[in-house]
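As annotated by TrEMBL, active site applies to C415. Annotation source TrEMBL lists active site, nucleophile at C415. The S-adenosyl-L-methionine binding site feature in TrEMBL is assigned to Q290, Y319, E340, D388. Sequence annotations record features per position, and here TrEMBL assigns domain 'TRAM' to 7-65.
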Amino acid sequence: MEKQKAPVQKNEMLTLTFEDLTHEGDGVGKLNGYPIFVPYALPDEQAKVKIIKVKKNFAIGKLIEVEHASPNRVEPPCNVYYQCGGCQLQHMSYTMQIDMKRTQVTNSLKKIGHIDNVPVHPTIGMDDPWRYRNKVQIPVAAKNGELITGFYRKRSHDIIEDMDRCIINSEVNDRMVEAVRSIADRLGIPAYDEKSHRGVLRHIMLRTGEMTNETMIVIVTRTNELPNKKALIQELKDTYPNVKSIMQNINSQRTNVILGKETKLLWGDAYIHDKIGDLTFAISAKSFYQVNPPQTKKLYDKALEYAQLTGKETVIDAYCGIGTISLSLAQQAKKVYGVEIVPEAIADAKENAKRNHIDNAEFFVGQAEKVMPWWTAQGLQPDVIVVDPPRKGCDEALLEAMLAMKPERIVYVSCNPSTLARDLRILEDGGYETKQVQPVDMFPQTNHVECVVELVRKLSN
Ligand code: SAH
């Protein structure tokens with residue numbers, strides 16, 4: 001059989017009409033059925049494209065000039081948008097972004113989970129989809145004898161030098177990045193250099209409580225030693241009253257992972273506070289905390305609605321972090337058990353239960369997939385299980401443990417539609433029915449989407 005040849009060649013220029021979007025938000029144009037993926041192109045557009053990569057079944061192109069623009073094309077407000085890898089959808093109207101996310105979820109459920117008759121509601125979006133992030137982790141480097149901070153250029157480790165703000169970051173965090181950078185620069189604290197694995201300052205991490213305006217600064221260093229530490233602390237705490245916690249995290253490894261094992265308190269408390277609804281939370285440096293506070297409230301309210309609690313239920317919250325969902329559930333349930341792998345987060349969760357006078361929630365450190373079977377062996381029979389796993393989804397052992405526990409309902413909170421769809425298939429095959437899916441836009445301007453899913457046990461099961 002004659003080998004099929006791709007209809008385009010590398011470096012070829014052509015005009016394409018776009019008809020669709022990939023999951024990542026790239027435009028898809030076709031030449032006799034052969035797809036060409038082009039970042040920043042939108043459906044219904046016609047554009048001049050340069051082919052940069054050719055494969056047997058697809059090619060990748062670069063957008064050279066838009067000849068007919070979609071009404072959904074908008075001018076990206078960030079001046080480094082096309083260099084930075086952080087956002088992918090700033091060129092797309094917000095309406096289109098949230099429509100795209102709903103489609104992304106619907107398609108994953110269909111293609112990966114073979115689930116195609118379940119309502120996927122319109123994505124819950126933000127009124128003002130900017131300046132929402134409460135946390136930033138920004139790399140530091142040296143340039144012409146000065147400290148610079150900025151995100152990496154796409155697919156590289158070169159810092160974008162002319163990045164003086166990030167408009168999905170909170171204003172406070174933007175200001176505090178610059179404050180830490182300029183003070184550290186003046187005090188001569190050397191930047192870490194990836195190539196030689198020398199120097200000190202690797203990253204500046206900040207988290208600010210949306211409702212409390214309390215800021216935690218985490219100085220990530222290669223070395224245990226932090227030159228001019230005293231002066232740095234003094235100036236930060238004296239100049240910025242919102243700073244409540246200054247931590248040092250030591251990461252001595254050659255790695256892309258930002259935080260190292262050891263975190264030391266330099267000044268203040270080892271945590272900051274924030275509020276979600278009527279609950280107050282302490283959050284320490286290593287604990288997970290949702291990055292978009294107003295949307296978090298909407299996400300948790302949905303999870304609570306899908307749990308349908310009456311006050312009599314025993315509930316498990318797996319992957320519970322600092323207990324944010326657990327404590328919301330506890331207000332409406334008989335008893336909640338939370339499990340989470342990060343010990344610092346469980347310490348926060350226990351403290352948070354006390355702080356909010358909630359005495360029907362218990363928290364355990366461990367791998368959810370190991371703790372759940374152990375709970376089953378102890379005779380624990382939950383009425384509702386809530387899971388909120390990381391991007392890789394639930395461990396198979398955890399899904400099996402859930403099925404063995406036979407709860408009436410499962411509420412699945414997910415930040416990755418692909419692993420969600422995979423896991424829903426297993427739960428459906430195990431006797432559960434997916435009732436409804438609610439996408440929530442936790443990450444405007446990016447191609448990420450969060451979902452809450454309601455599952456109920458089938459009667460025959
Ligand atoms: N529900 C929480 C946290 C969700 S993020 C919230 O909304 O804030 C997912 C959490 O799962 C993280 O805190 C992570 O540390 C934890 N985690 C990751 N792998 C785990 C495992 N195998 N067992 C238990 N927890 C795990």
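Placed from the backbone N, Cα and C atoms, the Cβ positions cover glycine too.
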Among E340, D388, the most crowded of the binding-site residues [Cβ within 10 Å]: E340
Integer Cα-Cα distance in angstrom, Q290 (S-adenosyl-L-methionine binding site) to the residue listed as 'active site': 11
Nonlocal residues around C415 (active site), in sequence order (Cβ under 8 Å, 6 or more apart): P390, R391, M442, H448, V449, E450
Tertiary neighbours of Y319 (S-adenosyl-L-methionine binding site) (same chain, Cβ under 8 Å, six or more apart): V339, E340, I341, A368, V387, D388, P389, P390
Around the Cβ of Q290 (S-adenosyl-L-methionine binding site), the count of other Cβ atoms that are within 10 Å: 21
Local backbone state of E340 (S-adenosyl-L-methionine binding site), from DSSP in three classes: strand
Check: same-chain CB within 8 A of S-adenosyl-L-methionine site center, minus Q290, Y319, E340, D388: F288, D317, C320, G321, T324, I325, P389, V413
Local backbone state of D388 (S-adenosyl-L-methionine binding site), from DSSP in three classes: coil
For the domain 'TRAM' (7-65), the number of residues DSSP places in helix, strand and coil: 0 helix, 35 strand, 24 coil
Recorded S-adenosyl-L-methionine site residues Q290, Y319, E340, D388, farthest C-alpha pair in Å: 15
